[in-house]
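Trainee: Here's the feature list from Swiss-Prot:
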type: COMPBIAS; residues: 1-20; note: compositional bias 'Polar residues'
type: TRANSIT; residues: 1-53; note: transit peptide
type: REGION; residues: 1-60; note: region 'Disordered'
type: BINDING; residues: Gly161, Gly162, Lys163, Gly164, Gln165, Gly166, Lys167, Ser168; note: ATP binding site
Amino acid sequence: MAAAFSSTVGAPASTPTRSSFLGKKLNKPQVSAAVTYHGKSSSSNSRFKAMAAKEVDETKQTDEDRWKGLAYDISDDQQDITRGKGLVDNLFQAPMGDGTHVAVLSSYDYISQGQKSYNFDNMMDGFYIAKGFMDKLVVHLSKNFMTLPNIKVPLILGIWGGKGQGKSFQCELVFAKMGITPIMMSAGELESGNAGEPAKLIRQRYREASDLIKKGKMSCLFINDLDAGAGRMGGTTQYTVNNQMVNATLMNIADNPTNVQLPGMYNKEDNPRVPIIVTGNDFSTLYAPLIRDGRMEKFYWAPTREDRIGVCKGIFRTDGVDEEHVVQLVDTFPGQSIDFFGALRARVYDDEVRRWVSETGVENIARKLVNSKEGPPTFEQPKITIEKLLEYGHMLVAEQENVKRVQLADKYLNEAALGEANEDAMKTGSFFK
């Protein structure tokens, strides 16, 4: 570290040449300092010896450490935009500070919004967790925190099934029951205007969960609707570089879960293993090598009648609906998703809102709701009866049928103006009301 090196200079030291690098001649104090090395001076005609760098403790990082930048992400493409400003033709430059052209100098500047804490009302007693669902999730999470002899445990658990069946909500209940603090991601974060940004975000969120585990807090990475962000939904969607990199990053993490590095740095120390839970509706749209058995354990979630009744009891637990009425409601709409019953409960409050609107006046709604000194309106909990629930349930089913039956887009393409768009209303008798 303290070794000196020689520099050959053609001109004598007494008449130094003009340096194009420094832009000016060396004065005499500079020359005398340059030819002095560890208290020993050389003649003016001898060759220069450069000053040796002072001793630096390599075990401590200081402001003078030339490698300090390795701990930060200096390879960010947004910083490259900043670095290249003024160095390339203006034709290829976007205005700085506009949209995505905001310089982000470090990955650590992305303050994570992924951590989510749960505080449900009567979480364990009031909400139902399906036994099969809980068994699969608890076993997978536990296996990933254990050291099993000669066993390769898949890092990723893929939970897939029909829409609105409560996959994400059931996961949140299990996390809360196990005392897990998940790091959350959604499908919308798996695409970006900058190539490589989603893959970097996955690694960053994974390392955040790893840091929580280091501190003694059980954690996992939870990605909602993976197929919507990284899957191919037919010919109408474009397969981008980010789709490829998201799939490749998840494959790499599944193969090397204890060696996940952030861009711009490399840490030889192993990070704790973090199980990954993903949800989706159709995993056949994902890259096939990602969902192979060694990397992803797959679980198809189709709630049974018992599961549907149990979840619906939790939905109506504060409304005083009798248990036999919940069973009747579930059996009346057997083909509906669990989310249907949550929407059904929300419909019951329509009458209360409608009554408040008539009392307040339509012209006063904005002032009462947005800029009111009295605060937002409060409602007494309406009495929910099985007759009212069945009535609203059939209304929701009718709306679903209308969407499937009245396909106006096809009519607009085939016929002029409205075509026969009002024909459906005439048949149902609601057109002349």
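Using N, Cα and C of the backbone, Cβ positions are placed for all residues, glycine too.
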Trainee: Which Cβ among the binding-site residues (Lys163, Lys167) has the fewest C-beta neighbours inside 10 Å?
Mentor: Lys163
Trainee: Using a 10 Å cut-off, grab the number of neighbouring Cβ atoms around the Cβ of Gly161 (ATP binding site), all chains included.
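Mentor: A count of 19.
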Trainee: Check each residue in the chain of Ser168 (ATP binding site) that is at least six apart in sequence and keep those whose C-beta is under 8 Å from its C-beta; list them in sequence order.
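Mentor: In sequence order, Asn224, Thr279 meet the Cβ cut-off.
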Trainee: Near Gly166 (ATP binding site), which residues of its chain come within a Cβ-Cβ distance under 8 Å, counting only those 6 or more away in sequence?
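Mentor: In sequence order, the residues whose Cβ lies under 8 Å from that of Gly166 (ATP binding site) (at least 6 apart) are Pro303, Val311, Ile338, Asp339.
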Trainee: Note the Cβ centroid of Gly161, Gly162, Lys163, Gly164, Gln165, Gly166, Lys167, Ser168, the recorded ATP site, then list each other residue of that chain whose Cβ lies within 8 Å of it, in sequence.
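Mentor: Surrounding the site, in chain order, are Thr279, Asn281, Trp301, Ser337, Ile338, Asp339.
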Trainee: Give me the non-local Cβ neighbours of Gly162 (ATP binding site): same chain, 6+ apart in sequence, Cβ-Cβ under 8 Å, ordered along the sequence.
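Mentor: Looking at Cβ-Cβ distances below 8 Å from Gly162 (ATP binding site), excluding near sequence neighbours, one finds Asn281, Ala302, Ser337.
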Trainee: What is the Cβ neighbour count of Gln165 (ATP binding site) at a 10 Å cut-off, with all protein chains included?
Mentor: 23
Trainee: With every protein chain in view, what's the tally of Cβ atoms within 10 Å of the Cβ of Gly164 (ATP binding site), excluding that atom itself?
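Mentor: That number is 15.
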Trainee: For Gly164 (ATP binding site), what is the secondary structure state per DSSP, taken as helix, strand or coil?
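Mentor: Looking at the DSSP assignment, Gly164 (ATP binding site) belongs to neither helix nor strand, so coil.
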